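**Student:** What follows is a structure written as C-alpha cells; I'll ask about it next.
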Amino acid sequence: MVTETLQHTTAVDRRRVGLEACCDGGEDEKSQQRTTRRWKIIAAFLTTLLLACLAVMCCVLLRQNDVKRSCDASCDVISRTEYMDAPLTPFSELTVEEVETVLYHFQSNHSQFRITDVKKAGMGDNYIHMMEAIVPPKALVLDYLKRGGTLPERKARVIVFRGNATPPVVEEYQVPLSRPHMTSVIQTESRKTRVPYSMKPFSRVEFRDVFRRLIPMVVKQLGHVVKESYGASLGPGCSPKCLRLSMTPVSTAFLPPDTRAAWFWLAYDREFFTLHPLDLQFLVDTTHVDSSQWAVKKVYYADQFFDTFQQLDMSYRQGGINVTRVTFPEGPEEELYSSLHLRGKPFPEDDRPPPVTVLPHGNRFKVRGSRVDYLRWQFTLRVSPSVGLQLFDVNFGGERIAYEISLQEVAVLYTGYTPASSVLFFADSAGLFGTRMRGMLEGEDCPPHAVYLDTRMFASNDGGLKRFARAMCLFEHNTELPLRRHRAYSMTGAFYGGLTDTVLVLRAFISLINYDYILDYKFHANGAIEVSISSTGFLAASFYYPPEERFGTRIHKHVTAGLHQHLFHFKADLDIAGTRNNFTSMDIGVEEKKDTWGHDPQASRSQFFVSKTTRRTEKDACYHYNFSTPKYLLVSGGEETDLGHRRSYRVLPQGMSPPLLPPGNGFEPSVPWSRCQVAVTKHKDSETTSSSIYAMWDAKDPVVNFTSYWADDEVIENEDLVTWVTLGTYHIPHLENTPNTATVGTTVSLFLAPFNYFTEDPSMASRDAVRVSPRDPKHPYSGSVVQRYNTSSLLTCIPDFKLPDEELSEDSEDLFT
C-alpha cells in the first residue's frame, strides 16, 4: 500500500514537471546549467579541503605514532671516487696518467734504469718501490692559492730499488711530469737520497724470497725438531696443524757495517698468530740480493744458543740439551683465547641494538674533489703512500690556520728477554702509511651515515698502481658534551645558554700487522682542531720463560707480552695571521706576596703569576715537558691588538711519554724527534718530514736526522714556523688486552686551539645553540622563552641505512685486500 502511494505520487509529479517544461522550457534549462556549475565548484572545493585535511591528519598520525619519515642520508650524494678523481690542486697525488708517464719513462727500452715490472722483479733487479707527488715550494703554493693562474709544476718522487747496481742501492728520483727526460736524483741537504741497500724497507719481492728460501731450509734441517717440539709442521702439507714463519727486522745499530739481517721465529698458525709464539728463533744475514747466499748466523731454541741449524740438529739428536714440548692449540677457533669470536655470557640478553646517530636533513659538509667544506671550516685532503693522510690549507672563517697538519711517524719500542723480542723496534712508516689505510667496515669503523672515500697509489707491495677502497671516512658527530654551557640561578638572574659540541670527524685506520691505529681529525665550532690517535689490535708476544717477567706480563701458559712504548710524531705548519710567526711560552710561576691591606701587613702568601717568553732560536724552542714548570705554548702572528695581544693558537699536547733511551744509544738515533715533546723550526721546503721509510733500519746513519733541523739554531722570531709534536704512552700489557687491546685509555691527542685569535668565542654564531630566558626575570619560575636558532633540529626521522652484510656475503675484497 505504501509503495503504491509513492509510485502514484511520483507519476503525478512527473506529469506536473512535464507540463511546466512545455510552458517554460528554455528558462529552466539555463537554471539547471547554473546549478550544475555551482555544484561542480562546491565539489572541487570540498575535494581540495578533504585532501588538505587528509595531509594534516597524516602528519599528526605520523607524529603521534612515532612513524617518522626516512632520514635523507644525503641530498648531494658524495661518491667514493670523489677524492680519487679530484681536479688537480698543488697538493694532489699522482693521477693515473702521471703514473703511466713515470712508468713509461723508467721502463722504456732506451731508459738507463733497466726497470723490471714489480710483479716480475727479483731481489737482484731494478724496480720501482713507490712513487708519489712532490708538493711544490710553499711560496709558490700560497701565491697560487691567492691569485690562481697556472698550477706550479708537478713533479713525482720515485723510489727505485736498484738490485743490479754495484753495490746495490736505493735511489730517490725527481721526475718533472711535463719533462720526464729531466729526471734526476733528488739533491737536498735535509735527507739522504742514495740509501744503502741494507736499509731498504720491506717489499713483497724480498718476502717472496724469504718464504721460498727459508721455509724449505727449516723443514729440511730442523723438521723433526719442530714437529716433536711443537706438535705441528711448517710449509706445504702441514694441515691441519700448521706453523707460520715471522720476522723481526734488526736495526743497523746492532749489526756490522753494511749488513742486513732479521730474526725469524715460529708461531702457531691460529687466530691470531702473534699470541701463539714459539721459542725457535734464528738470525739470518739477508744482505745479499741472491737469497741463496743468505746465511744463518745464530739459532735460539729452548733458551739456548747454537751457531747453526746443523749444530742444533746434532745436539738435539745426541740429547743433553733442553728441549721444548708444547702442544698445538686444538679445538674450535671460537674457543681460543686469542680469537675475536663471541664467547662468554652474552650481553645484552635481548636483541635491542645500540644507539645510532641520524642526520635529519643529510650531511652538513660537502666534498668537492679533495676540498672539504664544513660550516666555517675548509681544508684540502691528501693521502700519500709514505706519509698517509695529510691536511693542507686549513681555513676557519676564510682565514688560513694551518698550511699542513700530518702524522709523520709511529714508532713502537719493545723490550724482552729473547733475542727477537729484545731487538723489536718498529718505525711503522716502513709499511707506507697511505697503503695501510683501507678496508673500513661500514657501520662499525665509522657511523652508518659516514661518507667513505677511496684512494689510488703506486707501491710495489701492492703490485703497482692500486685502488684502496674505503681508505678514509668523514662524518659529523654529536659528542653529547657541551662545547659551552651555563645555567644561572634565579637569585643571580636566571637564564640558560648552551651549545653541544658537534664536530666533523675525518678518520683513517692504519693497520700494521698486529696493531691498528685510529687517526682522527676533529673540527670544533670554536675554531679548535683536535688530532687524536688511538691504539688497538693484537699484542706482540714471545714464548714464556721466567726471566721474561721483568720485561712484560705473562698472559697465557706459554706466552709473555712485552712492555713497549708507543710514540707518535706530528707536523703542524701553522700560519697564524700570516706566515710571520713567533713561538711564545706563557710560563706559570709562584711568587710570595705581602698583602699590605690585610690584618697583618708583614704576613706573606703564595700566588700564581704568568710571564711571557718569546723563544728566539730553534734550540730554545725544543720543549721538554716538566710538571714543575707549567706553561702554555703559543704560535702567534699579526700586529698587536688594542688589548695588547698578538693573535695566537695554542699547541696543547695531551698524552706525552718521555723518552727513556739515552740519546744516540741503539735504536734511538732513528727516532731523535722523540727527544722534544714540542719542537719549533724555521720552515724550509726541504724539511718536509721528520722521519723516513728507512727509519726501522737506519739508526747507524739516519736517512732523515731530525736533530739537523734545529742544529743550526736559526732565529725563529717573525718567521714562517713549523711545529713538531711528540705524543706517546707506555704500555704494560695485562690480561684484559687479550684477545685485543681496547682503545679505552690508549688515546693521545694534540689540540690546536685559538688563544686571543678571535675577539670572542666564534661559536657564538652557531645556530645549533639554545637559550632559555624567564618571561619575567622577577618571576623565573613562571615560564620561560626557549630560543632555538636552528628550528630544523626539531624535526625527527628514522635512520635509512643498511648494514653491509649482504654485500660482504658476495664480495669482501674491499675489506680484506
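Even glycines carry a Cβ here, placed using N, Cα and C.
For ASP428, the entry in TrEMBL reads active site, proton acceptor. Per TrEMBL, active site, schiff-base intermediate with substrate is recorded for TYR515. TrEMBL lists 105-174 with the feature domain 'Copper amine oxidase N2-terminal'. Taken from TrEMBL, the feature domain 'DUF1965' applies to 274-320. The domain 'Copper amine oxidase catalytic' annotation in TrEMBL covers 357-764. What TrEMBL records for TYR515 is 2',4',5'-topaquinone. The transmembrane segment annotation in TrEMBL covers 41-63.
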**Student:** Counting by DSSP, what is the helix, strand and coil composition of the domain 'Copper amine oxidase N2-terminal' (105-174)?
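**Tutor:** The counts are 13 helix, 24 strand, 33 coil.
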**Student:** Run through the Cβ atoms and count how many others sit within 10 Å of the one on ASP428 (active site, proton acceptor).
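**Tutor:** There are 22 of them.
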**Student:** Between ASP428 (active site, proton acceptor) and the residue listed as 'active site, schiff-base intermediate with substrate', what C-alpha distance do you get in Å?
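**Tutor:** One finds 10 Å between the Cα atoms of these residues.
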**Student:** I'd like the Cβ neighbour count for the residue listed as 'active site, schiff-base intermediate with substrate', meaning other Cβ atoms within 10 Å of its Cβ, all protein chains included.
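**Tutor:** The residue listed as 'active site, schiff-base intermediate with substrate': 20 neighbouring Cβ atoms within 10 Å.
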**Student:** By DSSP assignment, list the helix, strand and coil residue numbers for the domain 'DUF1965' (274-320), in that order.
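**Tutor:** Summed by class, the stretch gives 15 helix, 19 strand, 13 coil.
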**Student:** Averaging the per-residue pLDDT over the domain 'Copper amine oxidase N2-terminal' (105-174), what integer do you get?
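**Tutor:** When the pLDDT values over the domain 'Copper amine oxidase N2-terminal' (105-174) are averaged, the result is 95.
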